[in-house]
Structures are given as C-alpha cells and as structure tokens.
Amino acid sequence: MVLMIVSGRSGSGKSVALRALEDMGFYCVDNLPVVLLPELANTLAARNISAAVSIDVRNMPESPEIFEHAMEQLPPSFSPQLLFLDADRNTLIRRYSDTRRLHPLSSKNLSLESAIDEESDLLEPLRSRADLIIDTSEMSVHELAEMLRTRLLGKRERELTMVFESFGFKHGIPIDADYVFDVRFLPNPHWDPKLRPMTGLDKPVASFLDRHTEVHNFIYQTRSYLELWLPMLETNNRSYLTVAIGCTGGKHRSVYVAEQLADYFRSRGKNVQSRHRTLEKRKPS
C-alpha cells in the first residue's frame, strides 16, 4: 500500500491532485497533522487501502525531525511517497488574482509576493526529499489529473518510471528534471524552410537528423550514460527519473532525441513515458 504525501506551494494544484488520487481509489485527507499519519496508516492497513494526505504551511511540522519520526512509525505495509507540486512565481500570482483567494500566510501581513517567497522557504525541507516534483505552470486542471493517473501507474507497481521530455531553452528549463541535456549544438532543421513548420515527430525532420553522425553519437553516448547509472537509480528507492532534452525552441531536435531515447529504453522493457512541453503548448484548445 502507498501513503502518498501531497505537498507544494499554495495555488500549485494540491486540491486537484487529491481529487485525482481519490478517483484512483486513495483514501484522501486534507491537512492532517503530521503526528497523526501513523495512526491513519494503521487504521487503513487493516482495510488494505492506500492513502493520500496533503501537507502545506498550515500543518507543516515545526522541525524536519518530527516528519522523519512520523515516517519511521508507519506500518511496514505502507510505502511513503512524497509528491511536490510547484509553479513559477508569476503563475501563482496570476492564479491568486484570478480566484481572489487569500494566501495562507496573508495573516502575517505579508504582500502576496512575499507570502509566496516565504512559503517556498518553509516548504523546502519537503521539496528536497520529494520523490516526484511536478511543475504545473503550463498545465490545466485536467492535464495535471491525467499526468498523475499516468505516472502513478508506475509508482504503484514499485517500478522506476523513466520520463523523457523535450523543451525549448527560450521557454526555461523544466524544474522537475533530474538530468538536463543540451542539444542546441546539433544540426538545426529550423534553417530548412520545408522543415521549419514541422516537428521532431515528423518523418522528414527525423530523416534530416538521422543523416548526421553527431546526432547518432549523442544519442548513443547519452543512453550509455543512463544505462551505466540506471541500476543504482533503480535500487535507490526512487520511482521516477526525468530526463529533459533541450534545444532552442523545443520543436525539432529535442523532440526527436527525446523520442529516440524513449523508444530505446521502452524496447529494453523499461517503464517509459515521453512528453514534449513546447508541442503541448501549441496544441489547439
């Protein structure tokens, strides 16, 4: 059974995550005091039910030791996993402006910007030990729920899920990446007028990149690096490995390379997911 602890900055999507987990059969509790986690787990263990509990600045323990002690008191049948949701500062400010809700730290007479920054500092101990960090800045409510449904399949099977995602450096580096590889030095299909409107998922772009030895060498050396350390990552009690591949715009080279790596590890029987951040932004609504 899984004890999913959901944390993150206010406005990042914790309520959405809890609703999605509830739909997946988790027993969900919002803002349960950390010291009561072992009691909840013991109660649910007899019923063989996984649980999800949200923790934020309102029920954050005074010291990390209190949290660690609670984790040590969990019954052996429960595997604790920590999900941390985040979003960039401007997105959080916009979401608060749209909903006109008060920030949990507003009672301290802080401006919204200061409250967001202080909350980030207070939650850092949880963020630093998170098994999975999801950046919801560009996600809709439905996209976040769908991502959780997809990713938790790997987690609940106790299998490492490899996530290969492409992105454009001009849009920023994904904050949820474990590894970031820069492919801006590879030949760029953008300069071919016929290929410019296409993406790395299209055959003509793939054929263009496939003709270049340096592209093959990069893919080979990157997958060899990941294969070298994958056994240690799999035995390190982690559930996700997010590998981000970046080019200038996130449309051609990074998409192609991410797909090649995903296909390779998928063919080796690994639990693999792929996503393309720039292409997802361009989808018609």
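Cβ from N, Cα, C; glycine included.
In Swiss-Prot this protein carries:
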- GLY8, ARG9, SER10, GLY11, SER12, GLY13, LYS14, SER15: ATP binding site (BINDING)
- ASP56, VAL57, ARG58, ASN59: GTP binding site (BINDING)
- 266-285: region 'RNA-binding' (REGION)
Under an 8 Å Cβ to Cβ limit, what residues of the same chain, 6 or more beyond the ends of the region 'RNA-binding' (266-285), are close to it? 138, 143, 150-151, 154, 157, 159-168, 171, 174, 199-201, 249-251, 254-255, 258-259
What Cα-Cα separation, expressed in whole Å, is found between ASN59 (GTP binding site) and GLY13 (ATP binding site)? 17
Within 10 Å of GLY8 (ATP binding site) by C-alpha distance: pick out those among the binding-site residues ASP56, VAL57, ARG58, and say none if nothing qualifies. ASP56, VAL57
Mind checking how the region 'RNA-binding' (266-285) divides into helix, strand and coil residues in DSSP? 7 helix, 6 strand, 7 coil
Quick tally, other C-beta within 10 angstroms, SER10, SER15, ASN59; top of the binding-site residues is SER10
With an 8 Å cut-off on Cβ distance to the ASP56, VAL57, ARG58, ASN59 Cβ center, who else from the chain surrounds the GTP site? ASN31, ILE55, MET60, PRO104
Out of ASP56, VAL57, ARG58, point to the one nearest LYS14 (ATP binding site) in space (Cα versus Cα); all of them are binding-site residues in the record. ASP56
Pairwise Cα distance for ARG9 (ATP binding site)/ASP56 (GTP binding site) [Å, integer]: 7
Out of SER10, GLY11, SER12, GLY13, SER15, point to the one nearest VAL57 (GTP binding site) in space (Cα versus Cα); all of them are binding-site residues in the record. SER10
Within 10 A of the CB of GLY13 (ATP binding site), the number of other CB atoms across every chain shown is 25
